[in-house]
Each structure stands twice: as structure tokens, then as C-alpha cells.
Amino acid sequence: MNFDQARFSRDDHYEPLLSEKDSTTVEVDDDGVLPDDLTRDELTLPGLSEPQLARHYTRLSQMNYSVELGPYPLGSCTMKYNPSFTEDVAADPNAAVHPDRSDRTIQGTLGLLHDLQEQLAEIGGMDAVTLQPPAGAAGEFTGILIAKAYHEARGDDRSEIIIPASAHGTNFASAALAGYDVVELPSDEDGRVDIEALDAAISEETAALMLTNPNTLGLFERDILEISEMVHDAGGLLYYDGANFNALLGRARPGDMGFDIMHYNVHKTFATPHGGGGPGAGPVGVVEELAEYLPSPMVQETAAGYELTEPESSIGKVHGFGGNWLVLVKAYAYIARLGDSGLSDASAKAVLNANYLASQLDLEVPYGPFHHEFAATSGDRDAADVAKRMLDYGVHPPTTKWPELVSQAMLTEPTEVEDKASLDDLAHAFNAAYADSDEALETAPTKTSARRIDQVSAARNPRLSWQALGDDE
Amino acid sequence: MTAGNGRRDGSPYAPHTDADEAAMLDAVGVESAESLFDIPEDVRFDGEFGIDATDERDLRESIANLFARNEELTEFLGRGHHAHYVPALVDDLSRRSEFLTSYTQYQPEIAQGFLQALFEYQSMLVELTGLPVANCSMYDAATALAEAALLANRLRRGASGHRVLVPEHLQEGRLGVLENYLDGADMEIGNYPMDDGAVDLDALSDLVDDETVMVYAESPTVRGVIEENLSEIGDLAHENDALFCLGSDVVALALLEEPASVGADVVVGEADALGLGTSYGMGLGIFATREKFLRQVPGRLVGASEDAEDMRAFTLTLQTREQHIRKERATSNICTNQAWVALRTAMHIAWLGPDRLVNLATRAVTDARDLAARLDDISGLQAPVYDRHHFREFVVHTDQPAPAIANDLAGRGFAVHTLDDHHLQVCITDVNADAADRLVAAFEEVA
Amino acid sequence: MFEIPDDRKYLESHEWTTTDGDTVKIGISDFAQDELGDVVFVELPDEGDEITAGDEFGVVESIKAVSDLYAPISGTVVAVNEDLFDAPELVNEDPYGDGWMLELEPSSSDEFDDLLSPEEYREQTE
Ligand SMILES: Cc1ncc(COP(=O)(O)O)c(C=O)c1O
């Protein structure tokens, strides 16, 4: 497939900044609405008309790749198609209510939240779910706070969280944010949890083990029941990072594997759009014993209707209000659209797609059997360069150089939404880039709006606003 | 079984035809997709969730019916979640799939559009706050405040104490989130009292000491009061080597004193008042700070650079602060943020332009003043309770029990906040201002 | 092959020291700068700060990596290479010269014995 990304350029820049199109300074509050010393003197912002803005943002949109333009196989990110109708559902004006409304006047909103709590609990094999955390990392933090509250309530002061080296960076950061020391666990030679190392790492200081399953190489932790027993015997809890849950829908549930706490990543598994980096949502599920620690409020169904309630020993709040409502609505709509059979089929096709794609690649995939994603290696070619070259084929490249267990890793997750033809295009892009000359790799990309961007200069000389550009040029 | 939307079971968004599926299985060398799952028997799930697949049309109808159960009340609500009229342009352009369905800009060459929009958002926040560094979003004001406190604590590692001082009047969610984020850093929260709805400077001055790492104040406060002594608060903080963190919101920043000019070291708050509309509290956390704290900033930053053809181009930068590189030593655990909301907010700010933005902010003062005066004229009500300038909202004292009045107002189609037995809070913006006459009439009946 | 000058001693974590009269200079090795890639930021202690052998005294960052700097010996910081704040690339261009980081007044002379000789360090990097 031939590809040329849209490219609007002029002189030494692409589409001009809003501030380059107009910069208007207005005097503030010369009518004396407030005493002078309470107001700013002036404000300078672009003052453009609506047609000018429409053109500006449409041009910017054309200089942006998205999953509706082509495959986006970023490993661990689950870039699925986001069903259009979910946007319309979320835009329902009746759903636009303020969080401080009294319960009885927003029974529709609470009803949806309640059903989503229940459905997620069922899908994950958990007993209770909070929808408040606004992203996966916030879910992790919430989950670890719950673990902490649980241990503290038992007078059990524990200081460590064990995390496999292959885990996502947020796991480490969330554990540290909650005040824990992180014990990093090496992988065994098969790419899974090293049971001996785990045994050595577990102690009476272990508050929890955080695991992603399948892990970030797409491998199922086959010893999960043994792992669960080891952690539980030592009095620790088992935490499930739900980023890779798209691999297991309808076939295995974290609750059945011995996990006590999990987060769901609805902007991955349940197809809500990533919006260029967010918003997402990271609901957290727990087993019965931990339900009393969930954040407040929860939605409960009573004879009188739906009510917000505070769990008995709640950890309190993890978001100012109820989390990312619009995202939750879209996830609800997606789950209801697919139902049992659709969810389970999504996983089957996601796993089939990953395996088919891998079978078409000239790159080696050192670890398996994998599920919805795999870590190929570009061997002696720089994975970041291969990725840049892939852009020229009109596809988004995979996640590169992570997890570190695989050298020159290209962590690839096509998701269920690609058809065979698209996977063939993707495989072609991989193979052609991988086989290309050093020069082609180093000068790539050449078909994108911008050419290779100098990361070093961006970091050595940070220019983080249009105001800062003026200083410099 | 047929593929696509015609299929009766399976995901409507998995496009495989039977023939393709067979060819793919063949290439992989397995009989069925099922055999690719390497899940031990003892953890297999063979139950059902009990969720029926639903047709798109039926589903839209059933969700619409569900939402129709929400009572149609005209909301005079604020307290940290504000709505202004969002122009159609914002919905239209932000919903373009190139924006909506893109991921974080890990490959900047193919994501210039979103990066530029976020760079523009950061720049708007720089203008509004007067501070040179603004990140491209936190989840909401509450988490932004918590991150500011953690930043202050990192900077003051050697301090004898680790206390953050916050106002007595603080939205419950913000306080709750702050408590949770500070727990892990062994920090504590101190409360300073308000005097007639604004910071009690004497009391604050007694409380700030060398154990204080940050003083937090808001303008407008959660009760709508415009703070008059921001510079003095900043001085008190700085005299004690503490940071001064100012909480505000994106509209108020266009009118009120520029944070940098009153000595704010960090500005946090909500930007969702523009671009998002009422959304059950979904937020967009502002985080802006001084250049010298750049390496301590949480979250993502977009910077300008050059590409191989020496053209100006944008990229995520200074990523070594973030969790994927620094892991447990990152400045924050945030990864996915609120980028798309930031895009919408930037669009809305651009649509307003400086004139209309300042007008909108000015109206937030005059409309609140006018409405308070009209309520004050009603016997049984006193408004505003605080003899201060207000922004969008104010507290009303009721002679009769406030919960009953709120209830009666709901019966007449209005939602207001109930603070306690004799206090309500009312918030007015351009989206409910045309209902102000009816609200006043309703108050006359029920007060 | 990476340059490993014979006139200095090394730490397993890739810092070097040279003695110059009463003071010692500290930097990172050629190998270390190459592993890191383009250095974009260096954080160093202030003059007058005390540092302790084996402890972290600063940070060096490239685009995709962060590395702590460990003190080879204990002492008082008498000079900091402020050029690195504006030109961190000096660490890449001249790690043993203009890319130096700190000058210390050592608090004891014993600690030098614990450092690696150039040969020992060479073995380690091979
Ligand atoms: C394995 C894994 N865990 C956690 C996260 C963090 O989730 P979020 O970005 O929603 O905070 C991610 C995604 O980026 C991930 O891939």
C-alpha cells in the first residue's frame, strides 16, 4: 500500500500555530466590575473566527494517525476500533448531569453505573467493583491502597510490593506512590515468573504481588495457582493488572485464578477511544473480603432505587468526583453490544490475529506460546529505526524496546479488529522495513507529515510553549 | 455464519470471513483459535456472564430510556464541576476520528496534529497562569493538587516536616484525594480557617512554619469567593520556604490576578469548565509551574524541536521523569491522561478568543452578584452569605431548613447544592442564566 | 573499543576519578556515555556539599535512560562543572576531559584502594 500523510507546510514550519495566525491582547476589566487589584491587566490569546479554527483543527487532524486510518498494533495498548454509536450514546443530553445531584433525581445515571459495576465484576470474577479510578495507573494506585488498608486493619504492617521486571512502569510507580518499596522479580528463561525467585522474594513484608496475565510478552502465567498460593500463604495479596485482559475474555477470570484485586483497563479491553492519550478509566474489582475498603461512593440497588453509599472502611476518594463518566458510558455500551458471545469472540480473534501476524513475519519471536500480543525481535537492527521505517508503509509500528527481556523488542498487538488483508499489509510493512538498508532505516520516515524528529534537541533545550519559541528564534 | 454486521454471534467488530479465518488458522498450523489459548484447565472459565448481545439500534434505545429516568432539572450547580456552553465546533472537530481514535504520540512524526494541539493547549495555560511550564493534563483538579503537594515534598526532602496547609473550605473530593496521595509519602494535611469565606491570614500565619512544604489556596474558592490576599498568602508561604500552590479554573484565570504575579509556584485546578460541559464530574486537571521545577513536573509535556528537514516539529519530551523510564522513582504514576479533553478545552478557548473569554469570566462575577442580590431580596434568604466578591457561585442562608427548600426547588425543576441545615449554594453560568428568573420565582414560593 | 585512560581509577558503576594535588576529579567513563546515548541533562550537588563513597551524588539523563551517579570516594565538593548544565553533550564528546563532573576534597585516602584499576575496569566492560 502506498501512503503519504497530509503535510501542510510553510517556510520552516508545518501548519502555523494558532498564535502565529493571530495574537490579540485585550485589556481586562476596564469596566470596574472588580477592584483593580483583583484582576489581571491584560490577556493575550489568538482571536480567530470559527471558519479559521475549523480549518486549523481539520488540518491538524489530517496530520494525525489513528486507528480508523489503519492498524495500530502497539503492544499492551489494545488499539481496537471504537464503535461509533458509543459516542452518540455518551452524548445523550439526559446523561449530562452534575455529580452533586441527589440520587433520586439521577436514577438513570446511577442505574448504568450500577449495571457496569455488576457486569465488570462478573467478567473479572470479582465480587465488587469501583468505577472511580480515571485510568489504569489510577486503578493500580487504588488497588494498592485497598491492599494497604486491608493489612493495616489487621495490624499487619507490610512494606513491600513484588513486581516482575517485565511489568509496565506504572506498576512500580503506583506501588511507590502508595509508599511501598518495590521488589523487582526477574523472569525465568521461559519469560514467565521465576518461581524460585518469587519464593525468595516473598516474606512477611510482602503486601502484594502485582501481575499482568498474560504477561507483557503475551504469555499466560501457567503457574498462577501455585503463585497465588505462595503469596497468600505468606499473608500477601495478589493484584491483577488488567491491561492484557483482552486475551482472556470468557475463557479465564482473574478472580478464579486467585487474584484478590484487579483493575480493568476499559480504554483497552472495552474499546473506548484513547483520544490521543486519554481519558481512560481504570475500574477496580476486589473479592468479597476487600469490598469494605473500596473508594466512596459505590452505587447500590435498594428497594427504593439506586443509591450512593460509602463502603464501611472505605479508603475514600481517588478522583474528585466519580471518575471519567463519558468513558464509562462507552464501555457499558460496548459490553452490552457484544454480550457474552461477542466478548469471547473478541478474545479469540485477538489471539488468532496475533498468531497469524507472527506467522507471517521474518522477525524472530523468542517467547511463546503467546496470546493477543507477542514480542518480536529485530535482532541486530535497531527496533526504533525499523519502527520509523514502518511508518512509511502507512501503518503504526508496535511498541519498541519494551519489555526489556527481549532485546530490540517489537511488542505487537494487532487486536481483533484487523482482517486478514490488513494483517498481510502489516506483515509486509514489518518485513520490508526489517530488510531495508541501514540508510533507509536511519532516514525514515519520509512519508509522514514530519521527518525524523530530533529528540535530543527537544530535551536539551526544552521549548514547551509558543511563548518559549519567541525567546529562541 | 457470516462476517461483519450480519453475523449473529461473535463480535461485530471482528471482521473475519470464514474463508479468511480458515486461511489464517492454516498459516498458524492449528485447527481452531481455541487451541491457541495456553490456559491450564484448572483456571479455565466455562460459565457465562449472562450478558446478551444487543443490536445497535435496540441498545441505543434502551440506553436512551435509561437516561430518560434522570429527572430534567435545571442545574444551578458548581462546586468544582462547572459547565459553560460548548460550541458545536468543539464536538464536531474533536470527534474527528483522527483525534479521537489515536493513541499517545509515541511516534511523533505521524502524530504532529495532536502534538501541536497539545502544545497549543500548554501555551494557553502558560498565558493564563503566567507560569512558563504547563503539562498537557492531569486527571482532574483533585489529583493535580495532590501531585503539586508531592512535588513540593520532593523539593523539600530535607525539611523537618512534611505538612501541606489547605483551606477549611475545600471540595470534599479534593481533600479526599489529597489524603490518599499524601499517605504514601508520610505527609500530613493541616487545615487553616476561613474568615468570612476567604483565607484568615492571621490564622494562616500562625500555622505556617518550617514543617510546611506547601500552602494551598483557591480563588475562586469552592464557595465561589474571590480571594483578595493572594500575594500575602504567597509571601507567608515563601517566608517559610514553602511553595505556594494556587487552585483556580480556566475561566477565572482569564479575569483574576495572574497567578505568577501573586507568587504562585504551582497552579492547579479544573479546565473542564471549557470544552467538556456537564459530565458527572469528569475533569481536566491543570498543572503549571515555574521553570526551575521542570524536572519535577508530573505527566506528559509536549515540546518543540526540529525534524530532519529542519522544520519545526513537536514531540513528547523530558520523558525520563515518567514512569515508563524511571519506574518507582518517576515524578508520578500517571500514564493515560486527559489529552482529548485538553484538545477540546483548547478548541473552546480558541473559539472564544480573548475578548469573549474575558467577557464570559466577567459575567461570572456580575451574574452571580445580580442573582445573589435578587435572592437576598426574598424574605427568608440572605445572599451572599460572605461579604466578598464572587465568581459564578455563592452561598445562601435560609431561615427555613435548607434541605427542604432544595427539595421543593427540585419539585419545581431546579437543582442547587445543600451545604447544611441552613445553607444552600447556587451557581450561575451562561448555560442556566436564562432560567434565573424562574429560579428566583421558585425561591419566592419555597423560601 | 572504549577508551579507558591509565591515569585514573574506576568504579564498577562506571565513574572515574583522577587525583590532582589535594583534590580529585570525578566523571563517567567512555563506556558509560556510550551506553547512555546522547546526554541531555546532568544533575550535580552544590559546592560545599558532603558526599559519601557509594552513595548517589547526582543523575545523568539521556532521552530514554536515567542513571544515578555514585561517589567513588567521600569528601567535600569544591567545584562543579557548570558547563554541563548548558552543554550536557560534553559528557558524550569528552567524558574524560571537558565532560568532568565534580571536584572533591577527599575526607580520607583509604577509599582509593577500593577502586578498580584501569585493567580491572577494562575486564569488567569486556
Ligand atoms: C501493562 C500495562 N499496565 C498498566 C498500564 C497503565 O494504564 P493507563 O495508561 O490506563 O494508566 C498500561 C498502559 O499504558 C499497560 O500497558
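Just so you know, glycine gets a Cβ as well, placed from its N, Cα and C.
The compositional bias 'Acidic residues' feature in TrEMBL is assigned to C:108-117. Look at the compositional bias 'Acidic residues' (C:108-117): DSSP puts its residues at 5 helix, 1 strand, 4 coil.
As annotated by TrEMBL, domain 'Lipoyl-binding' applies to C:23-105.
Sequence-distant neighbours of C:Lys64 (N6-lipoyllysine): residues of the same chain at least 6 apart with a C-beta under 8 Å from its C-beta are C:Gly37. Sequence annotations record features per position, and here TrEMBL assigns N6-lipoyllysine to C:Lys64.
The annotation region 'Disordered' is assigned in TrEMBL to C:102-126. Beyond the ends of the region 'Disordered' (C:102-126), by six or more residues, the same chain brings 2, 4-6, 8-12, 17, 19, 22-26, 29, 31, 44-45, 50-51, 53, 57-58, 71-81 to within a C-beta distance below 8 angstroms of the stretch.
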Do you know the DSSP helix, strand and coil residue counts for the domain 'Lipoyl-binding' (C:23-105)? 15 helix, 35 strand, 33 coil
